[in-house]
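Trainee: Submitted below is the structure of interest, expressed as structure tokens.
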Amino acid sequence: MKLLSVCAVALLAAQAAGASIKHKLNGFTIMEHSDPAKRELLQKYVTWDEKSLFVNGERIMIFSGEVHPFRLPVPSLWLDVFQKIKALGFNCVSFYVDWALLEGKPGKYRAEGNFALEPFFDAAKQAGIYLLARPGPYINAEASGGGFPGWLQRVNGTLRTSDPAYLKATDNYIAHVAATVAKGQITNGGPVILYQPENEYSGACCNATFPDGDYMQYVIDQARNAGIVVPLINNDAWTGGHNAPGTGKGEVDIYGHDSYPLGFDCGHPSVWPKGNLPTTFRTDHLRESPTTPYSLIEFQAGSFDPWGGPGFAACAALVNHEFERVFYKNDLSFGAAILNLYMTFGGTNWGNLGHPGGYTSYDYGSPLTESRNVTREKYSELKLIGNFVKASPSYLLATPGNLTTSGYADTADLTVTPLLGNGTGSYFVVRHTDYTSQASTPYKLSLPTSAGRLTVPQLGGTLTLNGRDSKVHVVDYNVAGTNILYSTAEVFTWKKFGDSKVLVLYGGPGEHHELAVSLKSDVQVVEGSNSEFTSKKVEDVVVVAWDVSASRRIVQIGDLKIFLLDRNSAYNYWVPQLDKDDSSTGYSSEKTTASSIIVKAGYLVRTAYTKGSGLYLTADFNATTPVEVIGAPSNVRNLYINGEKTQFKTDKNGIWSTGVKYSAPKIKLPSMKDLDWKYLDTLPEVQSTYDDSAWPAADLDTTPNTLRPLTMPKSLHSSDYGFHTGYLIYRGHFVADGSETTFDVRTQGGSAFGSSVWLNEAFLGSWTGLNANADYNSTYRLPQVEKGKNYVLTVVIDTMGLNENWVVGTDEMKNPRGILSYKLSGRDASAITWKLTGNLGGEDYQDKIRGPLNEGGLYAERQGFHQPEPPSKKWKSASPLDGLSKPGIGFYTAQFDLDIPSGWDVPLYFNFGNSTKSAYRVQLYVNGYQYGKFVSNIGPQTSFPVPQGILNYQGTNWVALTLWALESDGAKLDDFELVNTTPVMTALSKIRPSKQPNYRQRKGAY
């Protein structure tokens, strides 16, 4: 493209001016909404124009992270996650609600304990985090059924359409959940500022009406009727314009879409496919919804990983810190005003809540690990970007222009996208034209500034863009009234402290940078080396040039101190808001941003507040760490770190410096091998004496499932009988006539499922599973049978969750689990009479604390023996490391004590060894919560983190395992251990354990 004409630049600048009312506060320019009509919608707190949201009258960039409370069933840990996201510079969290967990039985909505939303709202409010509520009814989310409860398989209507049967099925759930969300809205003093009806309503087939305005309007009306008054936003799966404002019935207030541009090939984490970097989002936005702020409701922050995949460490390497630099700054180049990163904390698919395409871990390669660590470099990189945006309110006033390979950079190897302001600052996003490039490219810039068009660097040398990197260069950037004419180094943050100002800049290793400040003052290097540093006055501007060094420099120009850092050093800096007390952190606003301080402190800084003459920091440490406070208020004299008064020194630049000594505690964990394991055969169904008279009969002549018609005399679809989760067991009775030689059975459990079949006590064989197979047809040869004798076929199926329902019209979620068809050679199918079971009670599930999906249909699960304190004293002593000598399923339980010192966040993991060739499957229960499904022959997961609150760090714990040997030689665990990673000295409040009801004899258990 050729250089933008003067007219084009002027047009962009004019658009950037907008028509907002503005006033000054602490050096910030606050932009208030200019349109009274949009202030008086259903509420006055959250409004918008074409550039951004306004919250409480202030223009605000929403930088958000996706978190699912149901994937961390310890409510007292939610604050920890919120504080770590707040520390990124973010101001919002988006969350799904999983319908399947709240309405396990039609008409019975239950949202208590771990499933209650109110504690999630309270934690968000305490951390100063706004919320975007996304309760569906459909969520996708890699959740079982896409969040749909299994009983929807029986709905006589097409899902996600205006079919009356489906709409009626959603009424109870949405009425309850939306009413709960409504109570948490900003209008009621809560954190919820946006509400999303439906999710990714973006594609259809099979003659379904689409897009169906009547359907979307129904979902919207459900929310509004329940009290939702905040703006409604949608999440289109691409820039398709579905339900955008102006499209008529079913339109939302604000249009948004998602994007996962790098894809999900974690097996090749270094491969960035050609052409995958978005380039048209600005044009798409102006086409689809030009009157609303540009909104990316889900932008890639990691990747899912299937059964048999490379693992989430590889996913974190795929969507890594380099990805963030290139892709997130590219999002900024389009003027993104609502940017939500999916996932920022992934969590765990505990208790069978995941879909068949994934395993127990939902780490997602996110910035926060599954165990809530912030040790991935991508977390630190994201903190640089988040705090830059937070400190740059003029970004929202700049108008994005077209990307170009000429006119700004002096090489076509680089592409520059301008965001031009009108006296409010401009931004220039630079990347490689071939975004996959790993070359280091030298360049100079031609920048339009208030001092004219300048070629940068002015003092000689060149800039460098390293491979898989991107930069945001600022022009006429306002730092509390001081004009930064330009900076090639990137801005981390800036602050005004009393009569001085601080600007923090950073660059990559070995880079050369230049800064120009519209001041006449002299330049002083007040800390660090003068080598490889030059400065010059050019008319009314001071120009400074330097080579990036690992050693910090502080340069003073007038009342402005400029911290020059390398990127790795910048990772250690934090910008906590300065709160009034320790009760809560304020929401992000111009005022709270202006009152923040800057802290250098390593692993994590959570909060800062003043009380009397003291400055109080709450922070976490994973090593001995130097601590510095930049901008301590003038009225404080004492420093407290995690409540302890700390001595400090004050240098000539007013920086407080001290240190925190780290000495890891000795963590003594029990040996799992040495526990007093008790054993129970949890497949008594194959014993000749077993009585299944109490079991539900599979006696339905028809199926209500509209997706798959019956091919059997009776339905064997598990959801027809209310069984939607975990292991299924079928028992088929027949009287032999002597001709039976084979049994064919087609079972379906979802990707990577397994099954085993017995005839009486004779093992016939197993399908050990493959990720590629959601169902499988097996043929088993029968032993010789005697005419007139009774026989029982026992079929065990490991179901892996219900399919998602992304494409409207497919009703894919209705794909049944269980036996799809069977044939007993020489006999009619009606010769077999079937019974089946899943979890005890099915939809009348027994454990209301752990929810409707947590347990399956094995004998020990039906009895509740997986819970603490089962009646195991008289059971046989046997270890899962000795295992089973033949096919079958064993149940093992043991107790152990932990004594983890308080004040330490110690991630714990149950690790399985895996060197045997025999296929086996394990379920891991911890204090009654199913926290792992291990499949030896598929993987990849062998390490299962379990959080404090599920594990009792100071007290007694119960661990239970189900071990399913699928092959004739049996199976045993190669190894099983409880391990920890680096203890973190934490300011985290005391963790309250989730409820862990003990075993009680269950009425009607069979």
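Don't overthink the numbers, they just go from 1 along the chain as shown.
Cβ coordinates are placed from backbone N, Cα and C, and glycine is handled just like the others.
Below are the features I grabbed from Swiss-Prot:
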| type | residues | note |
| --- | --- | --- |
| SIGNAL | 1-18 | signal peptide |
| BINDING | TYR96, ASN140, ALA141, GLU142, ASN199, TYR260, TYR364 | substrate binding site |
| CARBOHYD | ASN156 | N-linked glycosylation site |
| DISULFID | CYS205-CYS206 | disulfide bond |
| CARBOHYD | ASN207 | N-linked glycosylation site |
| DISULFID | CYS266-CYS315 | disulfide bond |
| ACT_SITE | GLU298 | active site, nucleophile |
| CARBOHYD | ASN373 | N-linked glycosylation site |
| CARBOHYD | ASN402 | N-linked glycosylation site |
| CARBOHYD | ASN422 | N-linked glycosylation site |
| CARBOHYD | ASN622 | N-linked glycosylation site |
| CARBOHYD | ASN777 | N-linked glycosylation site |
| CARBOHYD | ASN914 | N-linked glycosylation site |
Trainee: Can you check which residues sit near CYS206 (disulfide bond), meaning Cβ under 8 Å from its Cβ, same chain, 6 or more apart in sequence, and list them in order?
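Mentor: For CYS206 (disulfide bond), the qualifying residues are GLY809, THR810.
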Trainee: Find, among the binding-site residues listed as TYR96, TYR260, TYR364, the one whose Cβ has the highest number of other Cβ atoms within 10 Å in the structure shown.
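Mentor: Ranked by Cβ atoms within 10 Å, first place goes to TYR364.
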Trainee: Which residue among the recorded positions ALA141, CYS205, CYS266, CYS315 has the fewest other Cβ atoms within 10 Å of its Cβ, if you could check?
Mentor: CYS205
Trainee: Out of these glycosylation sites, ASN207, ASN373, ASN777, which one has the fewest other C-beta atoms within 10 Å of its own C-beta?
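Mentor: Fewest other Cβ atoms within 10 Å, among the glycosylation sites ASN207, ASN373, ASN777, is found for ASN207.
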Trainee: When you put CYS315 (disulfide bond) at the centre and draw a 10 Å sphere around its Cα, which of the recorded positions TYR96, ASN140, TYR260, GLU298, TYR364 have their Cα inside it?
Mentor: TYR364
Trainee: How big is the gap, in Å, between the Cα of TYR96 (substrate binding site) and that of ASN777 (N-linked glycosylation site), rounded to a whole number?
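Mentor: Cα-Cα distance, TYR96 (substrate binding site) to ASN777 (N-linked glycosylation site): 36 Å.
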Trainee: Could you work out which of the glycosylation sites (ASN402, ASN622) has its C-beta surrounded by the smallest number of other C-beta atoms within 10 A?
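Mentor: Each of the glycosylation sites ASN402, ASN622 was scored; lowest Cβ tally within 10 Å is ASN402.
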Trainee: Helix, strand or coil by DSSP: which one applies to CYS315 (disulfide bond)?
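Mentor: It is helical.
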Trainee: Across the record's substrate-binding residues TYR96, ASN140, ALA141, GLU142, ASN199, TYR260, TYR364, the largest CA-CA distance in angstrom?
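Mentor: The widest Cα-Cα gap among those binding residues is 19 Å.
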Trainee: Long-range same-chain neighbours of ASN156 (N-linked glycosylation site), Cβ under 8 Å, sequence gap at least 6?
Mentor: ALA165, PRO704, THR706
Trainee: Find, for the listed recorded positions ASN199, ASN914, the residue with the lowest Cβ contact count at a 10 Å cut-off, counting only other Cβ atoms.
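Mentor: Taking ASN199, ASN914 as the recorded positions, the minimal 10 Å Cβ count falls on ASN914.
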Trainee: Taking Cα atoms as reference points, rank the recorded positions GLU142, CYS266, GLU298 by distance from CYS205 (disulfide bond) and give the first.
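Mentor: Its closest listed neighbour, by Cα, is GLU142.
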Trainee: Between ASN777 (N-linked glycosylation site) and GLU142 (substrate binding site), find the distance joining the two CA atoms and give it rounded to the nearest Å.
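Mentor: For ASN777 (N-linked glycosylation site) versus GLU142 (substrate binding site), the Cα atoms are 26 Å apart.
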Trainee: Measure from the Cα of ASN914 (N-linked glycosylation site) to the Cα of every one of the recorded positions ASN140, ALA141, TYR364, ASN422, then give the nearest.
Mentor: TYR364
Trainee: Sequence order is fine: just name those recorded positions in CYS266, ASN402, ASN622 with a Cα within 10 angstroms of TYR260 (substrate binding site).
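Mentor: Within 10 Å of TYR260 (substrate binding site): none of them.
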Trainee: Among ASN140, GLU142, ASN199, CYS266, TYR364, these being the recorded positions, pick the one whose CA is nearest to that of ASN373 (N-linked glycosylation site).
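Mentor: The answer is TYR364.
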Trainee: Which one is it: of the recorded positions ASN140, ALA141, GLU142, ASN199, ASN207, whose Cα lies the shortest distance from the Cα of ASN402 (N-linked glycosylation site)?
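Mentor: Ranked by Cα distance from ASN402 (N-linked glycosylation site), first place goes to ASN199.
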Trainee: Using a 10 Å cut-off on CB atoms, tell me which of the recorded positions ASN140, ASN422 is the least crowded.
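Mentor: It is ASN422 that, of the recorded positions ASN140, ASN422, has the fewest other Cβ atoms within 10 Å.
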